[in-house]
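Here's the structure, in structure tokens; my notes come after.
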């Protein structure tokens with residue numbers, strides 16, 4: 001019970017983050033959602049809402065990721081058990097929020113109303129992503145997870161160009177270059193500090 005209670009903190013934040021991501025992606029092009037630097041022909045209000053949602057999602061994700069990594073590495077235990085604990089709290093909060101916001105519609109139409117192949121693909125993608133993140137955080141670290149996620153910019157840009165006709169502009173390309181440069185710099189081996197004996201030589 002104590003572990004589940006401690007995992008409630010990142011679980012609540014991840015639930016908030018998931019909802020913020022849907023707000024962001026509803027108001028931004030997919031590739032801009034990844035980098036958040038491009039100027040597109042969206043209304044200023046929806047673009048600002050999308051950027052605010054991305055910023056809040058990034059901040060909450062960073063905090064939750066570091067907190068979750070600390071719990072995984074200090075308390076040990078099975079990754080699968082930790083994911084069940086995270087999922088249980090997140091599911092309870094998500095269901096409560098859904099019933100508060102859409103209770104009458106869900107009661108009238110049913111929980112799975114509107115679910116189609118695309119919705120199920122998103123559900124499976126989110127579930128698989130959550131499991132992969134837990135494995136990466138457990139066996140690597142949260143910073144490495146962040147840079148692995150950053151590499152998805154290339155994939156999402158290519159997919160957006162192919163599927164939605166997205167054409168990257170200069171600010172987007174500059175942001176992408178900065179992220180990729182950070183990945184390269186992070187992956188470089190650190191220089192070993194000189195010992196007194198080596199300095200004397």
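Even glycines carry a Cβ here, placed using N, Cα and C.
Summarising the annotation, TrEMBL assigns transmembrane segment to 47-68, 89-113, 119-140, 147-166, 172-189.
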For the transmembrane segment (119-140), find every same-chain residue at least 6 residues outside the stretch whose CB is under 8 Å from a CB in it, and list them.
-> 14, 18, 65, 68-69, 72-73, 79, 82-83, 86-87, 148
Report, as numbers and ranges, every residue of the chain located at least six residues beyond the transmembrane segment (89-113) whose Cβ falls under 8 Å of a Cβ in that stretch; write 'none' if there are none.
-> 4, 7-8, 11-12, 14-15, 19
